[in-house]
Amino acid sequence: MATLLRSKLSNVATSVSNKSQAKMSGMFARMGFQAATDEEAVGFAHCDDLDMEHRQGLQMDILKSEGSEEGAEPPLEGDIHYQRDGTGPPPPSASKEAVGCSELSGQGKPKITAWEAGWNVTNAIQGMFVLGLPYAILHGGYLGLFLIIFAAVVCCYTGKILIACLYEENEDGEIVRVRDSYVDIANACCAPRFPTLGGRIVNVAQIIELVMTCILYVVVSGNLMYNSFPNLPVSQKSWSIIATAVLLPCAFLKNLKAVSKFSLLCTLAHFVINILVIAYCLSRARDWAWDKVKFYIDVKKFPISIGIIVFSYTSQIFLPSLEGNMQNPKEFHCMMNWTHIAACILKGLFALVAYLTWADETKEVITDNLPSTIRAVVNIFLVAKALLSYPLPFFAAVEVLERSLFQDGNRAFFPNCYGGDGRLKSWGLTLRCALVVFTLLMAIYVPHFALLMGLTGSLTGAGLCFLLPSLFHLKLLWRKLLWHHVFFDVAIFVIGGICSVSGFIHSLEGLIEAFRTNAED
């Protein structure tokens, strides 16, 4: 009798335990999951089949245990999913390989520290596009310096509220992460009437920004080489064609492992170049033209400067993934503070010192103002960095395009560009090559670094950094916001909208004029 009673109690305990694990699994499944890096995402793709068998095995165990208990309630939808953070116990039939995949996708995945996250943000907001900031001071004066500070404060704030949109309060009053990406936030704001509209808008903005970044790399490569060797019978357009010929193998990229090895070296080289430029400017401190820095602005060209400044701070698109992979997400706000304070100080000093040195002769790319003896060496390093940086936004744009247009299941607009063996089809490779050629054509017909940078910053930069985060914050969390948060969000949305429209119109006018001039030539 005692043995029978113990057996009955054991079965009940097992049933309760399984149902508890299943409900926890459902919660984590609804919270979603984000891979830390592209390499980890590839690893999860290889584990899909094993993970499916694992979840099915757990489902059968739950159904069997519930079937042994009379009056058991059916499992909730989504509660049968395996707990992807690795804390759920695997079924006895699960293989070691499946357990290994589970551990890889959960607690075993590498996390980054706040310092490493800060390094990633610093690379994004202090890249080679800071070379255009002195040109913004040329047309904005002290107001341009103020905008460098203002943009840092606003982008830091919108980055924080964007991360706040990833979280919601559960039934127990705990703050839990229910979304993983910018696209998830956008879709949540448009649900239930248009559940995918927001994600498509963000994807389009992201593709435009990535492709425009590729175009800027080609433009700056041609510009730097032409100004480094002005005596050679090679035009800027020809240098751009040579640069694109070097970049054409990017169409054959399968991953970024080979390119990523050079990323740290290129970043360090760029910081060294910035230091060299500042050192040269300091050596001419006696000749600084303080009287040239005015409070008035060039009404026609200053809106372009706004776009340049905003574009130099764009990092919001990858912040959700970055925060999700931090060892301590609570340190995210502190990390955003010190990275943007450092960026604000360094950008402001670099722009002001460079402008004081060359005043009204400041060019679109500040290194073109350096003496010819120094310019060639510095520009060659910058061209190398631009060429090695090109594959990163290009590969990201290709992935977004392929996922949205060719690999979105029944919602895909075109047939899958990959064959059954996982190889890229010939016509898919042709489209990649066409994208490289498109960046060349844009660089040839509109070889103006400042105009393109201002247009991109006004269109996608302001949208992704100013408008959408404040709008999403108001839409998702408006019931819990304090009055000053509502005021800040509305003010940022209005000011960002005005600056975006103004900068876009003036940049577009300049580009159309430049396009006509080049077409006539």
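In case you wondered, yes, glycine gets a Cβ from its N, Cα and C as well.
Any TrEMBL annotation is an automated prediction that lacks curation.
Because the structure is a prediction, the values reported are computed rather than measured.
For 111-507, the entry in TrEMBL reads domain 'Amino acid transporter transmembrane'.
Positions annotated as region 'Disordered' by TrEMBL: 66-104.
Per TrEMBL, transmembrane segment is recorded for 143-167 (among others).
Annotation source TrEMBL lists transmembrane segment at 207-226 (among others).
Among the features that TrEMBL reports, transmembrane segment is placed at 262-282 (among others). Long-range Cβ contacts of the transmembrane segment (262-282) within its own chain (Cβ-Cβ under 8 Å, at least 6 residues beyond either end) map to 123, 127-128, 130, 346, 349-350, 353-354, 356-357, 366-367, 370, 374, 378, 381-382, 384-385, 388-389, 392.
The transmembrane segment annotation in TrEMBL covers 302-322 (among others).
Among the features that TrEMBL reports, transmembrane segment is placed at 334-356 (among others).
Distant neighbours of the transmembrane segment (376-401): 127-128, 131, 203, 206-207, 210-211, 213-214, 217-218, 220-221, 224-225, 227-229, 243, 246-247, 250, 253, 256, 259, 262-263, 266, 269-270, 273, 276-277, 367-368, 370, 432, 435-436, 439; these residues of the same chain sit at least 6 beyond its ends, with a Cβ under 8 Å from one of its Cβ atoms. The transmembrane segment annotation in TrEMBL covers 376-401 (among others).
Per TrEMBL, transmembrane segment is recorded for 429-446 (among others).
Here the transmembrane segment (452-474) has Cβ contacts under 8 Å with residues 129, 132, 154-155, 158-159, 161-162, 164-165, 182, 185-186, 189, 202, 205-206, 208-209, 212-213, 215-216, 219, 303-314, 316-317, 442, 446, 481, 485-486, 488-490, 492-493, 495-497, 499-504, 506-508, 510-511 of the same chain, all six or more residues outside its ends. Annotation source TrEMBL lists transmembrane segment at 452-474 (among others).
According to TrEMBL, the transmembrane segment annotation covers 486-505 (among others).
For the transmembrane segment (143-167), the list of distant contacts is 125, 133, 136-137, 175-180, 182, 184-185, 188, 295, 297, 302, 305-306, 309-310, 312-316, 319-320, 323-324, 332-333, 336-337, 340-341, 343-344, 347-348, 351-352, 465-466, 469-470, 472-473, 476-477, 485, 488-489, 492, 496: same-chain residues at least six beyond its ends, Cβ to Cβ under 8 Å.
Most Cβ pairs within less than 8 Å of the transmembrane segment (302-322), among stretches 207-226, 334-356, 429-446, 486-505, belong to 486-505.
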